[in-house]
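Please read the structure below before turning to the comments.
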Amino acid sequence: MNSTRKDFYLCKWYADIIDEETDDVTIIYLGELEWKFLKVNFTNILQFIQKQTLISRSTLLNYQSPIFDDDCFEINSNGISGEWKRKSECIFCEKLFENADGYILWECFIPVGLAQINVNNKINKGFGYVEKLTMTLKPWQVPIDILRWGRFLYENQYIIWIRWIGKEEKFVIFHDGIKYSDGIINDEMIEFGNYRLILLEKHILRNGLLSETIFDRFVWIKKFFPFEFLDINECKWETWSELYENNCLIRKGWSIHENVNFKSEIKNNYGKMFYGFLFTILIPLLLIFWSKQTEKYIFLLIPITNSVVSLLFNLFGIVLIIFAMLELWFKGDGLPMNAYPPSKLVVTGVYKIFSHPIYIGSSLICFGLSMYSESKSGFWFVSPLLTLSWISLVYGYENEDLKQRFRQEYTWKTLLNIPENVKMKCEYADIISIYCLVFLPWLIFYEILLFIGPPSYSISTYFEFEHNIPVIEWTELFYLFTYPYVLFLPLILQTKQQVRCFILDSLMNISIGIYLQFILPFVAPPKQFIPETVLGEMLLYERSFDGPGCAFPSFHVSWAFLSAYYYSWIYSKYYFIFYILSICISLSCITTGMHSILDVVGGFLLFLICIKRITVWIYIRNYFENLANSWSCYRIGQLRIINSSIYVFVSASIGGLIIFSLMGDISGVLLINLSSLFMAAVWGQYVERSSGLSRPFGYFGFIIGGLVGSLIVSWFYSIPLIRILSAYALASPWIQGVGRFRCIIHGCCHGRSTNQFLGILITNSQSRVCSLSELKNEYIHITQGYSILSNLIIGMLLWKLWYSNISLYVIISLYFILIGQSRFIEERFRGEIQTKVYCKLKIYQWLSILFILIGIFLSMISFDNDTVQLNFLCKYEYLIPSILFGFIATFALAIDFPESKKRFSRLCD
């Protein structure tokens, strides 16, 4: 500590009093400051009179040190005399921060006391407070953006709060000797335990930069301090406050509190200007340019080109954005900037309806302009990817950032939301949420699938014998009854728990059903018939709004049984009626000629998955937990073969076989694969900062090595670069997806702590979760499982598009963009302690953003001519090199020499 004191040292006494008769405030600062060769003592007196007049006096004369004994604090220096007698026996001492540069020590000697002070023969009496701050860390090196401090005193009780916001987070509340580490601290209220202190009527004591307040009279001192220190902004208030316990008012009185903004205002302004330019000018221009450059790759027409519809999209989007910005400006004291967020949480206006109205508005404008300009790429490519990007930002960063900055405040619910799992009577907003969050999205996505239509290589789901089943016209009654049967259900739900469960089940039904209908090339062409009844005419009319591609799985079946499940929950006595009705609807799918038996079975299985989603999740979770604790090895002398080797071998060999079959060049593929493996090892050494004995591998190193190898192979083997990159884009999701099973066993890429329902418990001491991150016996997120799921979704999508003859440039672009978006979200749930954080984002989140930019860039340029084709041709001659690379990858990633002292001999330390 002494070594740091030579560089910088600050000892500051703070004492205040609020007069019991006039409510005038007197604040006294006494202290000494040492910085380089400068050494000064200082005294600063603030008198706030009648809530409007501030008298500030400062001097650099030596002062007589305060006297403090067990119960009393006395000042008698520079024309000031005062005494504070402690009414509380508690003394607090907190080392708020310490690093190699110094420390910050906070000591509260009198949290509440009876005080009397004489300043220039004027005597004030009332409750007072005394603390001392000792710093050897320079103020401009404090790793925070905003400091909130305050105190509220009454009789022999008190509330003291300290809140740091920034790189270093701190939350401390002291109440009558009890310390709280969680709650809410903002400019409007202090909330902790069963207590809530409302800060009502604020009167500004002092507000301004340190250069304009504390150092205003001492211009020469400013020369010795850096700009970052002088540009710190301080705002101090005297505020009328009300204290509630369990929502009952128990005390009223005055608080003294302050905000200190450590961010440089000038730097902030430049940063805000750049941020505003980026999101209001540069990114919109980039989106326009992107859509124009990729227009040649998208051939699907726009479903709606009506100028009125596009105008409504744009108008609604603009209204959302403007009203949201106004709310943030006037009520949040800021603008919508992630890097410079508003200081207050806004939950009113459009934020009462949508949690992220600005993002929603931007997507609506993007779709609206695409419709107006008839940009196929803008509608089908740029706008969806923009929407996925802000969703990734929200779930990968913003939600977590809001929770950390506003803590319990962030539990607010919008009008459109998924209710809590409580058996309380549901509200109208809950019912509206079902129609807006479930039925409306389903209708939009279903109509989009109908517009896209089935692929040219579609497969009929009818069995041969089904062609002999006639169309029975009167069963149209049951088929048509599905719509009111499902749409009426939300109106009879009774509790928030029922609404919540129905929304979650329905969203799962929609997600799986829509994705399978889009990915799988199954169709069920409606059977031809000549109508003989009114119901037959109605059936034909209904068919004009439907199509053969949206058949497997049957939504008629899954919605019907899902509705029966919830009708039976409410009217349990008549459950058999509802299920019989659902069976009749399912049979009508066949007898009306609208669906095959396979469609109906698929719809029923989808229903079972939805209502058994918790059981399915528990089974998956338990499987991953068992796998994560299954680390074992086989020894052959000094050689150790870890049981994860089977997954490495399968991932590498099957991935290699896919790439060989797509590219058709054995030596070129082997060279690229070895380059990827080498760069992954280099990445692990320098980014993960392993010891020289271990050899971790990194995914981003694989990608860098693959790109370098692709360039080399394209140059020397005269293979079109687009063919190489697209082959790896199609194979990589499957390679990484299977490879994640290896990560689960080793414990790499693991998640952070979570609750018991979501998390797995790892106790195997060989897992990195226990040996490196020290998360043994803590429930953690299954982030490897999240990665497997995202790679499965992305892999199926890319193969679907490739089979649909989408341009290879789009395939490559989508791989980088979608992988970047999914990894950005995944990183939020990961808990590896060695991962570095820069500017609030993990290094891999920055790399994910870079992936997205690379994907955008690749879609806008042409490596070769557009006639390059990619064909899948699997040959027996590819088996041996695939197996060979599988063994090489297995040796690198799952086999080591644990007793050896040679470099790279171990997989982990």
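A Cβ is built for glycine as well, from the same backbone N, Cα and C atoms used for every other residue.
Not measured: the values here are computed from a predicted model.
According to TrEMBL, the feature domain 'Inositolphosphotransferase Aur1/Ipt1' maps to 468-610.
The transmembrane segment annotation in TrEMBL covers 273-291 (among others).
Sequence-distant contacts of the transmembrane segment (378-397), counting only residues of its own chain at least 6 positions beyond either end whose CB sits under 8 Å from a CB of the stretch, comprise 287, 290-291, 294, 297-298, 300, 302, 338, 356, 359, 362-363, 366-367, 369-371, 810, 817-818, 821-822, 824-828, 840-841, 845, 852. According to TrEMBL, the feature transmembrane segment maps to 378-397 (among others).
Per TrEMBL, transmembrane segment is recorded for 432-457 (among others). Distant neighbours of the transmembrane segment (432-457): 300, 303, 415-419, 487, 490, 493, 499, 502-503, 506-507, 510, 514, 517-518, 521, 523, 545-550, 555, 803-804; these residues of the same chain sit at least 6 beyond its ends, with a Cβ under 8 Å from one of its Cβ atoms.
The transmembrane segment annotation in TrEMBL covers 507-525 (among others).
Annotation source TrEMBL lists transmembrane segment at 545-567 (among others).
Taken from TrEMBL, the feature transmembrane segment applies to 574-594 (among others).
Residues annotated as transmembrane segment in TrEMBL: 600-620 (among others).
Taken from TrEMBL, the feature transmembrane segment covers 666-684 (among others).
If you look up TrEMBL, you'll see 696-717 (among others) marked as transmembrane segment. Sequence-distant neighbours of the transmembrane segment (696-717) (same chain, 6+ residues past either end, Cβ-Cβ under 8 Å): 665, 667-668, 671-685, 687-688, 690, 724-725, 728, 736, 748, 844, 847, 892-893, 907-908.
The annotation transmembrane segment is assigned in TrEMBL to 801-822 (among others).
Residues or ranges marked as transmembrane segment by TrEMBL: 843-863 (among others).
If one looks beyond the transmembrane segment (878-897) by at least 6 residues along the same chain, the residues whose Cβ comes under 8 Å of a Cβ in the stretch are 638-642, 644-645, 648-654, 656-657, 660-661, 666, 669-670, 673-674, 677, 681, 695, 697, 742, 905-907. Feature annotation from TrEMBL assigns transmembrane segment to 878-897 (among others).
With helix defined as DSSP H, G or I and strand as E or B, the domain 'Inositolphosphotransferase Aur1/Ipt1' (468-610) counts 104 helix, 3 strand, 36 coil.
The highest tally of CB pairs under 8 A with the transmembrane segment (574-594), across 273-291, 545-567, 600-620, 801-822, is held by 545-567. Within the chain carrying the transmembrane segment (801-822), a Cβ under 8 angstroms from the stretch's Cβ atoms is held by residues 294, 297-298, 381, 385, 388-389, 391-392, 455, 457, 521, 722-723, 725-726, 729-730, 732-733, 787, 790-791, 794, 848-852, 854-856, 858-859, 862, 866, 868, 870, all 6 or more beyond its ends. Below 8 angstroms of C-beta separation, residues 442, 446, 449-450, 452-454, 458, 461, 479, 482, 485-486, 489, 492-493, 498, 501-502, 505-506, 509, 513, 516-517, 520, 522-526, 574-575, 578-579, 581-582, 585-586, 588-589, 594-596, 598-600, 602-607, 610-611 of the same chain, each at least six residues beyond the ends of the transmembrane segment (545-567), sit close to that stretch. Beyond its flanks by at least six residues, the transmembrane segment (507-525) meets 437-438, 441-442, 445-446, 449, 452, 454-455, 457-462, 548-553, 555, 558-559, 562, 594-596, 598-599, 602-603, 606-607, 609-610, 613, 793, 796-797, 800, 803 of its own chain at Cβ-Cβ distances under 8 Å.
Non-local neighbours of the transmembrane segment (600-620) in the same chain are 504-506, 508-509, 512-513, 516, 552-558, 561-562, 565, 586, 589-590, 785; each lies 6+ residues outside the stretch with a CB under 8 Å from one of its CB atoms. The average per-residue pLDDT of the prediction over the domain 'Inositolphosphotransferase Aur1/Ipt1' (468-610) is 94, rounded to a whole number.
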